[in-house]
Ligand SMILES: [Zn+2]
Ligand SMILES: [Zn+2]
């Protein structure tokens with residue numbers, strides 16, 4: 001049995017706090033059957049450092065892009081540099097991009113322009129996009145449609161929205177990625193969405209260092225814990241853990257075909 005952590009920020013985990021080296025964190029993940037990691041960028045300025053931290057590991061792939069809450073922060077690069085940076089063989093996806101109206105309403109216009117540009121680059125390079133979406137259901141789906149996101153495909157990561165939105169995304173060939181939030185007691189609507197979701201559209205993630213699943217809720221998250229997300233989904237859907245592991249890994253390989261899993 002093997003798992004893929006389809007979304008983590010390996011460069012943002014406070015290892016000192018865990019009293020753990022980077023190698024020990026990766027070993028712990030391995031012992032929990034986590035065999036591949038997609039390390040996700042939140043800005044282009046931080047991208048080179050992020051790659052440096054984990055590039056020695058063959059089982060780590062990377063994305064490149066600008067998180068919606070970090071638009072207009074890059075100093076060293078602009079979005080014009082995205083195609084070049086994202087052309088690197090180790091980069092298997094574009095993002096994370098998307099819209100977050102929950103934390104930032106001031107930057108809506110900049111977020112929308114950046115999101116559209118990421119989809120264009122995804123289509124140019126034939127690499128899928130990683131979409132962060134919060135409190136922006138209609139605009140997210142509309143911008144995906146207008147920019148032909150169904151061509152490069154992608155994933156709505158750390159999904160916490162409605163079944164309606166999940167269906168609209170799946171209609172555009174998108175996958176839905178579930179984080180540790182699903183294990184929270186109050187995540188009743190999300191649990192219902194996961195019950196309905198076809199297994200062949202699902203990915204699993206930790207979004208480390210954020211959103212640790214139960215029983216680690218409130219602590220710093222790490223890739224080893226993706227297994228707890230998978231276990232919870234298996235129970236919700238009444239299927240075996242092996243089935244969830246096998247199908248979500250196959251889904252990852254299907255979507256992120258540039259990754260060597
Ligand atoms: Zn995100
Ligand atoms: Zn993230």
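These residue numbers are counts, starting from 1, taken along the chain as shown.
Glycine residues also receive a Cβ, built from the backbone N, Cα and C atoms like all the rest.
If you look up TrEMBL, you'll see 7, 9, 96, 207 marked as divalent metal cation 1 binding site. The Cβ neighbour count for residue 9 (divalent metal cation 1 binding site), using a 10 Å radius over every protein chain in view, is 20.
According to TrEMBL, the feature divalent metal cation 2 binding site maps to 132, 157. Cβ neighbour count for residue 132 (divalent metal cation 2 binding site): 25 (other Cβ atoms within 10 Å of its Cβ, all protein chains included).
Residues 7, 9, 96, 207 make up the record's divalent metal cation 1 site, and a Cβ search at 8 Å around their centroid adds 8, 40, 42, 130, 132, 157, 158, 205, 208, 210 from the same chain. A Cα-Cα distance of 6 Å separates residue 96 (divalent metal cation 1 binding site) from residue 132 (divalent metal cation 2 binding site). Taking CA atoms as the reference points, residue 207 (divalent metal cation 1 binding site) and residue 157 (divalent metal cation 2 binding site) are 9 Å apart. Ligand 1 lies under 6 Å from the Cβ of the following binding-site residues, listed in sequence order from 7, 9, 96, 132: 96, 132. Residue 132 (divalent metal cation 2 binding site) is 11 Å away from residue 7 (divalent metal cation 1 binding site) when you measure Cα to Cα.
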